[in-house]
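The feature S-adenosyl-L-methionine binding site is assigned by Swiss-Prot to LEU1365, GLU1366, GLN1367, GLY1389, ILE1409, GLN1410, GLN1411, PHE1412, GLY1413, VAL1414, ILE1415, ARG1416, SER1417, MET1418, with similarity to another entry given as support.
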Amino acid sequence: MVGGALICKYLPREEQLKLISDLIQNDSLEEVLELIETSPLDITTDSNIETPIFEKITEQVIAYASIDGEAREMFRSSRAEMNKALRTSAQLLCCLPSVWHKFQVWMSYRLNDIISENYKHLFNDNFGKKIVQPFFDSFAEEQNANIKHENLHLDILSLLHYLEVVYLFDECKNGISSKCLDFIIVPLLGCNSEEIADSCSKLMRWHIKYLSKCCNTDSNFDKLIWTFIKQLYAEGSQQAWKQKNSLSFLLRFLLAAELSPELITYIKTDAYWRHIQTELDNDVHEHRKLALSILKLTIQKLSSHGITLQTTFYKCNDLANIEMLGSWKKFTTLYEMIALDTSLNQIQAAKQDIIKIFDNEHLHHSWGLILLSTGLKSSMESVRKYMMTLMFSITNMSAFSSNLPLLTKTLLPAAMSAHYFDVKGVSCPHGEKLSLFVNNLLSQTTEGISDILFEILKLLVEKGTSFDPSRIYLSYGILVFFQNNKQKTINSDHLSLIRKLYDFAAEEEVLETTIQTIYLKFLLYIDPSVSASELLFTLVSHIKLKGGTYKYVEPLFEDYRDLAVSHFDDLQAKENLTTNIGKDTIFDLLASIIFDFKDIDITPDFLIEVAKSKQDIPVYTSKAVTFLTQLLSGEPSNGYTYENATALLSYPNFTISTWKSINVNNLFKSVMEKFSLDKFKFFAEIYQKTYECRFDTIELNFNDLLSLYEMVKKSANQCSRESFKVKDSAYSSYFELLNTFLKTYALNRDSSEGNDDELHILLRLVDENINKDNGNYLGNLAVCKLLYFIIDSYIHCSTSVSDDDIFIVKFIFEKFSFIWECINSERLVLKERDLHLMLIKGLFHPVILYFGSNQYIDTLTSKLEEHAQTIISLSYSRRSLLPLLGSQLRVFMKFYGKLLREDVNYWWLINIIVGVFKQPQMDVNLYKLKPVISSLFDHKLNNYYIKGDELYEKVYGPDEILARVSIIDSILYANDQLKIRLIEKVTEKTNALYAIKRTDGAEALQRLLQWQLLLLSLLTTNEKKLSETSMIRILKSIEDESSPLVRVYKEWFISSKVVDYYKTGNPKFAEDYLFSLLEDHSKPVFVVSAEKICFMVLKDLRNDEKKYGFTQLLDRFICTLVPNAASNKPLVRHFSNSLIISLWPTFKAYLSDHTLRNIIENLYSNAKKTQIFGQYRAGDANIWDLKGDRKLTNMFGGVLKKVTDHDCPYISESVFEKYLQEKDIVPIGTDERSLWLDKRDTNTESVNNANISCDTSPLQTKSGAWETVLDLDNKKSNDVVTRSELIVVSSLVDKPPNLGGICRLCDVLGVGLLTVQDIKVKNHPQFKNVAVTADRWMPMEEVALDEIASFMKEKKKEGYTLIGLEQTDKSVKLDNNFQFPKKSLILLGTEAFGIPGTLLSELDLCLEIQQFGVIRSMNIQTATAVIVHSYTVQHM
């Protein structure tokens, strides 16, 4: 078409109008647009043109947005792309305000119809009525919404998309008004359809200026908008897109216009700043960026306009001072480095700035908490740990009470994370810091302490099933606060939460005892408003929730009694209690114990509760005796059924005289005549009680007990299947009774038929019970105790045993094995721990081990070894198993170790002994924390603690280290033959000599422990009968030793054995081998080992210099050592020189040659000058003494601690003194801590070192945080960024980390386009870790591998020069002379093989980066950076 300007010049107005009319009829709207834009012609007054344009545009929009079919959805699942004609019509609307006005009304009706039909679906009831409806009411006022019009079925998203295009074209002109549309569109930001809300939010990008203008000119509209935005944020708590839309609108408004009156009013409220803080602490990165930009813009606008503001979180006067703005700049910089572009190095450098934020007078404390919170939620563990350390270093504790939700939802839960609770020695540093933190937090709070305490208790309830130690240390912090400040703060609200805490159970007893004791001690600090009944009901709740036990409450009764006297008025308390007495037996008992309440009805249930409580209350003793007498009669009054009657036997005032005076004959007669399980269990218990005081309890015989079994069996079989616990308990009582009976009754074994004697009858009964009648936990436990008693009492070990004894031992072992295999097949249940331990005691009874060692029973030793290995492996995560197994082995070795024969293969026994000693145990926090928490309970919570009464030993028995001490005892008890076999077999059959995996730390530790046993065996053997073959294997193994710790023990072992060879006159083969190592410097480590061995041998032989070849060895050694001191191998040279520091003082008296003496003395003088003391010791410190260090503490870790700073297992003097039995063979030794090497401190950053950072140090930031505000509409902002025409084709690169790095550097250097083979790589975690957020801004395009050639050809047509980054024979050097064409395309090759030949042929040239080193190629990221930077320097 001829240009619009010519038409306007040569055609008259009428012709122009006619031409436009014809063009409209022919759908040539693009030409119409050109004419209108170039012509001064005013067509708004001509309805013949205006109306057809409106109709054409609406026709196009209807066609674009129409939904086919009968479906009544608001939008289609897929939409067509907007064509050129629609874009043209959108531009026409912007040029024709009158047409736009009609179109706006038309569009408003269309949108209103869709929304009206789907109103309940789009908006929640309350939000829709109160917040959204006023918009539609305003629309109805301005436009008569009731006018009849055609209801079209259109796609709302298509309509909004079209409006977005209109607003986009109008953004610069601002020529159209759309207020009536705004009443419809703005509420859609808060609709329940994310797609619609997101579409409206995008539309607002181009329309925000007009909206802001309306807000500043129309107060009603302004109020309507900001009321909606405020409520939209609150509404979005469950639908995140609503909050995002609220923030996006606010940010766009701040960017686009002046503050409106209603926005200023909103800003002056705490809610505005609280919303910003909430979003700064949001887990979503985008929300954080939005909130930070809103914060910066708000402060900048407030300061520039001189607005006075006084809120809780932000305060400023008319003119914000420079210091205040500086404080906010510092905060935003710190926030960016912690929460957005996280960098640990920057955070560490800004440590003091972060800490001082909490003391900044211009910033409310809660802003500092935001920094901590976001840091503690970082994806980088190192940052989380550092921020946790920072949090504990804050001294202004009042800051934490300024935002309780943040404290209890983020900060404290983060501090309770399990991975922080590491154990260092015998303490948990993080746990102690957490307790101190909570204590200080409460101590420094002057107001609202009740609220803080309530929130922390509420957190404990929410975390009731979480990591137990974290709850313990948090609770302990509260308790310490109470104890130190004597505050009576616990009120009724707190008690309701404490009662909920009682409902949670810890994983096992050490943790449960500790945490329940803490919770119970909280009650000692109740507020005066708490009544006596409320206190007791809380205790009742605890007792009932813990299954009726008083074991946690009982140690605190004395404290509660003191509380009752000091805290309550006696008359008021008893008046308060009276109304509740008689309603609950436990309550009545507590009233009696704590408040000395007398007026109580003494019932049998009450007396049983007294017995369970273990409280000495003499006033009830007579009634308890009366009740006991009634029970003993077999016919108690009031129809009592013996349920729970066994608890009465623990009545604290029942003394020895009580038990001596009672008669159980009537009870026994009643049991036999009127049998019931409860009565029988009562009889069994009382029989055991009376047995402890006298032996003539009742005349029972074996047949009576057999009859009782049948009664128990008959009664148990009548129980329902669900009552298996009742049956199990009954059988348990029976076998406990039988066990007690056998202690005073010798079984008759004089039957003519061996299988019919009483012992065999009893064994058959046991077999029947295990296999048929019961086989459950309590019954099996009692059976195992009985079998253990039998084997202990009826089987005697001697050189000859009867067939019957063999049968009995085999039978009992098989029963133990059967039960063990049954429970092990279903995994060991923690609550059945007593049975596990009883089985280990039984399986490894010394008698059974003796029968195995003498091979009396076939396959016994193999089964023993199998069970032992199972137990050893289970002990990795379970306590008590290993110490018991070790103790059983020790008992066996103590009595029978000297009797073990030389001609028997004891590998099974050796394998068990070594397995027990070397078995590692769990290294996780919870496992290591239990002894630490037990110690906390003993020393801080147990009012009656005395040494030897540790909680840990009550629950688990002896420490796990007992297992190793028991094995050491076992070796000491063994005869020489077994020790020699142990050395030979362990070096032959295990990995002791050669590691399976040289870099496996766990294996190295186990090998180290094996060598400790080997050394102990060697040094305690009197007859040195170790075979030469074994010794040669050990000697040669030192050449292949990868572990420096194991090498120490090999050196020690070899040195000791070589000394023996010299003393027996046969040292030649060992000496020659060692000197071959000394002279071969190709392996310096082994030269050092040989020097150590020779030196230690010489020291041991020096007192007998005239014997054993001492002089010859000394001469030969010095002749080798002196040249080694000048070796070209640094390790050999340094060690040889430092060894002379020890050699000269030790052996100078034995050097007679004058020249040699001068040489050694000079070497000694020079070595002394370079000797370094402290952490890094000279070579002489790596030598120990064969005789002086022959002590248990040195053999089991002490020498290692003196010669290396590695972590290594160590058994201390106190442990040996406590657990070792055989103390006469080898001295225990002492803990020579002054000689131990300290661990090198690798922590170069210490938070407590507050003086390192200077107050004036600048904060490092990558982006200028204060000046930079997030441009929300990144498509538009990305267009503003100046980018070059350079294209980087990285489609051949396939590693996500490399692509992430290339993407980041391309964005930094302003590359125009980057291609990748699969655009989905942007979502790969490794790509994101390196690219950070560069993929959001960097223009990227997917070009598959098979499309690279065609893509480059297309770019060639556009004038691009195709350049390959590759080394070829025709490559051009990248130097100062090379000039890049402005339109350059750079093709990157694969990481391994470069650019394929098929693509090389398509290139115009190849560039090669000049290289001057040895390596031929560089990393693809580095190469790309070099070439792209070279281009950028020339063209940007």
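Note that the numbers count up from 1, one per residue, in the order the chain is shown.
Glycine is treated like the rest: Cβ placed from N, Cα and C.
Here the features listed in Swiss-Prot are painted onto the structure.
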{"residue": "LEU1365", "record": "S-adenosyl-L-methionine binding site", "CB count, 10 Å": "25"}
{"residue": "GLN1367", "record": "S-adenosyl-L-methionine binding site", "CB count, 10 Å": "16"}
{"residue": "ILE1409", "record": "S-adenosyl-L-methionine binding site", "CB count, 10 Å": "17"}
{"residue": "GLN1411", "record": "S-adenosyl-L-methionine binding site", "CB count, 10 Å": "11"}
{"residue": "GLY1413", "record": "S-adenosyl-L-methionine binding site", "CB count, 10 Å": "6"}
When DSSP states are folded down to helix, strand and coil, where does GLY1413 (S-adenosyl-L-methionine binding site) land?
coil
Check GLN1367 (S-adenosyl-L-methionine binding site) against DSSP and tell me helix, strand or coil, would you?
coil
